[in-house]
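Inspection log for the structure reproduced underneath, given as structure tokens.
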Amino acid sequence: MAAPARRLCHIAFHVPAGQPLARDLHRLFGFQPLAVREAGGWRQLALRSGDAVFLVNEGTGPQEPLYSLDPHHSVPSATNLCFDVEDVDGAARALTARGCIMPVPPTRVRDAQGTATYTVLSSPAGNLSLTLLQRAGYRGSFLPGFRPLPCTPGPGWVSHVDHLTLACTSGSSPTLMRWFHDCLGFHHLPLSPGEDPELGLKVAAGSGRGGLRLTALQTPPNSTVPTLVLAESLPGLNSKQDQVEQFLTRHGGPGLQHVGLYTPNIINASEGMEKAGCRLLTPPEAYYQQPGKEEQILAAGHKPGLLERQGILLDGDKDEFLLQVFTKSLFAEDTFFLELIQRQGATGFGQNNIRALWQAVQEEAARAQGA
């Protein structure tokens, strides 16, 4: 591996001036402003909830935004993942030797709190770029070049990023898996016993209806990098209308489809977000009427009626349960969304929940077309 990723620093978004993403992250999801930079046509605002940090790059300018790359993309998008590495200069040399494209060479930024060095790497995953950052000893609240903002306690709905899901073109997952392994040290994480890394986990939506292929990747245990999930459509009658194909069409190609945010209490978090005005995705009505679902929810220590009212999905058994709820898209283009996830011993992603999400997105799309 050329540049082992040690920690996720932040996720960067690029939006037009006036787009309300930063406001919504604060008002609807409890993220608190952390630091800001305004220069060269860009307004860059970092927001935090627990260890999860989002950097919203708003506007455009003649130069690249600090610690990122202007993707010149036609729609608002999550366009950059920033990872801590041990040695930026060495990583850049190793990646260049592998033939990687480095649009921003190693660059040093200094302020009164210390120094950070970063470089930006193009990825084969659509408009997604990767920033490699070295900031050992930096004493500021975020990064050099940013003005810290007054620290205000948030509601604590989100503690950290659990996983990152990339929407990929059909058949591209094996190539992407090898690239992330060779360049950043990710390796295959089986989601089912005996899973073939080249095939991933197939989650069929039903006979002839297509579904999803998921391939999960993780870094070594001594790092704190979220799981990376590669998602692509399975062939089927409805494959051109499923959420991955919809994303690829509306987004203009592959990219970061959603971020899974870990919450210590999904009921409190979803209730608080909904009261703040967040739009949550409604699961299929039949989900909570499945045989054994009520007993499964009770075995996990929850009330079936409460989970149904909040649209919370639950999967698992034998004291290993997974709870999830999904937001509607944060952008008018109906692309990127967020997920809240709470784990009670479970480490996977719940095949039944994946099917329910697939169906919920299909029903939401049908309602939108009929409106």
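The backbone N, Cα and C atoms fix where each Cβ goes, glycine too.
When pLDDT is averaged over the domain 'VOC' (7-135), the result is 96. The domain 'VOC' annotation in TrEMBL covers 7-135 (among others).
According to TrEMBL, the domain 'VOC' annotation covers 160-328 (among others).
Marked as Fe cation binding site by TrEMBL: His163, His258, Glu339. Sequence-distant contacts (6 or more apart, same chain, Cβ under 8 Å) of His163 (Fe cation binding site) comprise Ala216, Pro226, Thr227, Leu228, Val229, Val259, Gly260, Ile341, Phe349.
In terms of DSSP secondary structure, the domain 'VOC' (7-135) contains 17 helix, 64 strand, 48 coil. Report note: the Fe cation site is defined by His163, His258, Glu339, and the residues of the same chain whose CB lies within 8 Å of the CB centroid of those residues, excluding them, are Asp162, Leu164, Thr165, Val229, Gln257, Val259, Gly260, Leu261, Phe326, Leu338, Ile341. All protein chains considered, the CB of His258 (Fe cation binding site) has 25 other CB atoms within 10 Å. Sequence-distant neighbours of Glu339 (Fe cation binding site) (same chain, six or more apart, CB under 8 Å from its CB) are His258, Val259, Gly260, Leu261, Gln324, Val325, Phe326, Thr327, listed in sequence order.
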